[in-house]
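Have a look at the structure below before the remarks.
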Amino acid sequence: MERILHKGEKAESADAKNEALTVINNVSVIALSALALVVILSMEFGYFSGFKEVLIDTIFNFRFYPLLIILFPIIFGVLAVGMFSNHEQLRDILVVDITFLTFIMILLLYPVVREEAIFLRISELLGYGINIRIDMTSLVIALLSSFIWLMVTIYAPDYMNKEAHRNRFYLFLMLTFGFILGTVMSGCVFTTFLFFEAMTFSSYMLVVHCETKECIEAGNSYIYMGIMGGLCILLAMILLFINVGTLEYANLAIEMQNLGGLEYFIMGLFIIGFGVKAGLAPLHIWLPKAHPIAPTPASALLSGIMVKIGAYGIIRTTTSFFFPEMHQVTEGFSDSIWISAQTLGAALIWMGIITMALGVFMALQQGNMKKMLAFHSVSQMGYIIMGIGVAVYLGYKGAMGYSGALYHIINHALFKSLLFMVAGAVYLKVGTLDMYKMGGLWKKMPFTFIVSTIAALGITGMPLFNGFASKTLLHHAIEEAFIYGHPSFKIAEILFIIISAGTACSFIKWTSFIFLGKCPQDLEHVKGEFPMMNLAMGGIAAVIMLIGIFPNFLLDSFIIPAASTITYDPEFINNYIVDINIFARADLIGMIPVYIMGGIIFYLGVKYHLFHLHFPKWLCIECILAFPFVKLKELVILIYRKTIYVKSIYTSNISREGLSYSLPASDHGQSKTTLKRAHKDGEESGVIPRFVKCIDKGINKCELSFINSDIIIYSVILTFILAFFFIAK
């Protein structure tokens, strides 16, 4: 008995030591990250000039440094999970440290990339070669991704303790991280495609991690839409290479001027391919299924980072197609070089507005916390797409739209990942995602309530919180589209304000139903919070506050340098974006009607139970998209059955005329059964019945059972065939 007690005490002592080690490691990582950020950014103000020169020379001399950044989390993440699969706390610490070191490696690029972009070409790989290009835009997304990944790896262990297959989760978490870095650091369409597709397949394992029926169905939708988007990018890439002869982003704008209408077709394929990942309506149908069902750390990354990679793809392709490099622009160039972009830009603006409206409208109907946040991801991506549209529509005067879109990519990643973390922390304590069954949790989980409020104020655009800065820039951008472009964009500006009010209403509802009001009796037992979760959430909340209080610092240090690398009018940037007053009186006053309207919508929604109203299922986008296939299936079945019927009558007549004997009476029943079975087998075999069966799977419950149908085989084979011919060429 004493031995057992002694062993128990030893185990408790070991656990306490491991927990202390985890706390020390994670706190140190956050402190060192903050210190490194301060040191690196202070170099732009003349500090540490000697270290800056050494750093720049070292990175330029180490040619493969960008490739090392991409491979580092992949290689060492796999090693950490493989070698320490039986030592979970050590594995968790190593995953955090690997992500931290990756963040530092990317951060060290900042003073280098501020001087000039970094290029690396490895021509020996995969026929065409791998191209890496790191400019300010890609550096911003890479830094953002590594920071959010770091916070999620600190958050994840407390949440994943009750989940199975944790080693598999961390393995694909680190693989996805490396593939995302590869995507944003790509210097050509081919390299982007390779890493983008790898990211899709690795992140699929995060979506289906729990292996429930709902997870598999959500994963099927995710992988189907992902492969469809990848095939669109692949087709666009092949058409581009055949007609232009290059896939490098730096040379596309000049080469594509002579393509005519084909330029729009290729660009449309790219927008569809990247728009799937970005949640662009109506390509968003996977997102409200996959984000809520995945484990919360994965949800935070799906919504916080992975959808931004789709937006980044649209930014990269549109600016490469329609904006030549600075050195390619001569005095002979006029506005005509950007005229071809106006139609596409206008289309993107309205796609963004529709996505914003659809997302916020659907979010207001949700009672599930994570599903509400997923629909708000759709809506907030609409803001970003609208900003990209303005940036393209206004041509070299579109810097405000570009700046607003890039700023909102950063801000949305911060407050949306934090909101998903809040949802996960609440779920672990109350055991449900239904916010209508909650209330009064601010007393039970005070720190979670504080960070949730910070994130909610950020997403709604409250002054002194990060969302206000990016939404102000986006509002100015749509105003400029109206002033310098078409009068119809005045309607877009009005819709912008109304949709912002809907966002405010959603998070009044979020805070009221989850944290305020009376605590239900069955939640009285809830108490305590998770220290490492709080550390990660607190880190993101602090950044949200800092950006909100000092919005121009991020603008001057990252956004404007990124915009300056694109062919925007420098005079416009200097006059309207540099030293812009984010807290202008008109912009501050403009938020008052937004919150008043949001409060009114919330009051009416609660009083008249409007939040519980739902559209009929036949009106959902999946049903609308599936309707033609339903009718096609019915037509094929009708024709085929009539063909079988006529054939059976003809065969029966031949049998009667050609046979001189009759079946025994005892065999009549058996012969009828045999004929029925043969008829049924005839209906279930052959090309047409298999086509009908595939269509039937596609419309079953208005979603594709993709893994269980032949279409995934066709898609994968087609991908490899097209890729083979492309590489061979």
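Each residue, glycine too, has its Cβ placed from N, Cα and C.
Fair warning: this is a prediction, and the values are worked out from it, not measured in the lab.
Residues 22, 26, 29-30, 33, 66-67, 69-70, 77, 80-81, 85, 88-89, 91-92, 95-96, 99-100, 102-103, 106-107, 109-110, 113-114, 117-122, 177, 180-181, 184-188, 190-191, 194, 205-206, 209-211, 247-250, 295-298, 300-301, 304-305, 308-309, 312, 315-316, 406, 409-410, 413-414, 417, 421, 424, 428, 530-533, 535-537, 539-540, 543, 558-559, 561-562, 564-566 of the same chain sit 6 or more residues outside the domain 'NADH-Ubiquinone oxidoreductase (complex I) chain 5 N-terminal' (130-170) yet have a Cβ under 8 Å from a Cβ within it. Sequence annotations record features per position, and here TrEMBL assigns domain 'NADH-Ubiquinone oxidoreductase (complex I) chain 5 N-terminal' to 130-170.
For 189-474, the entry in TrEMBL reads domain 'NADH:quinone oxidoreductase/Mrp antiporter transmembrane'.
As annotated by TrEMBL, transmembrane segment applies to 20-43 (among others). With a threshold of 8 Å between CB atoms, the same-chain residues lying at least 6 positions outside the transmembrane segment (20-43) that come near it are 49, 51-52, 89, 92-93, 96-97, 100, 103-104, 107-108, 110-111, 147, 150, 154, 157, 531-532, 535, 539, 557.
If one looks beyond the transmembrane segment (64-87) by at least 6 residues along the same chain, the residues whose Cβ comes under 8 Å of a Cβ in the stretch are 94-95, 98-99, 101-102, 105-106, 109, 118, 120, 122, 132, 134, 142, 167, 170-171, 173-175, 177-179, 181-182, 185. Here TrEMBL flags 64-87 (among others) as transmembrane segment.
According to TrEMBL, the feature transmembrane segment maps to 93-113 (among others).
Sequence annotations record features per position, and here TrEMBL assigns transmembrane segment to 134-157 (among others).
Marked as transmembrane segment by TrEMBL: 169-196 (among others).
Annotation source TrEMBL lists transmembrane segment at 222-244 (among others).
Annotation source TrEMBL lists transmembrane segment at 299-317 (among others).
Residues or ranges marked as transmembrane segment by TrEMBL: 337-361 (among others).
Listed by sequence, the residues of this chain that lie at least six past the ends of the transmembrane segment (447-465) yet keep a Cβ under 8 A from its Cβ atoms are 376, 380, 411-412, 414-416, 418-419, 422, 425-426, 441, 471-472, 500, 503-504, 507, 510-511, 514-515, 529, 534, 537-538, 540-541, 544-545, 548-549, 583, 588, 591, 594-595, 598. Under the heading transmembrane segment, TrEMBL lists 447-465 (among others).
Residues annotated as transmembrane segment in TrEMBL: 494-516 (among others).
The transmembrane segment annotation in TrEMBL covers 582-606 (among others).
Residues annotated as transmembrane segment in TrEMBL: 711-728 (among others).
Break the domain 'NADH-Ubiquinone oxidoreductase (complex I) chain 5 N-terminal' (130-170) down by DSSP state and the numbers are 30 helix, 5 strand, 6 coil.
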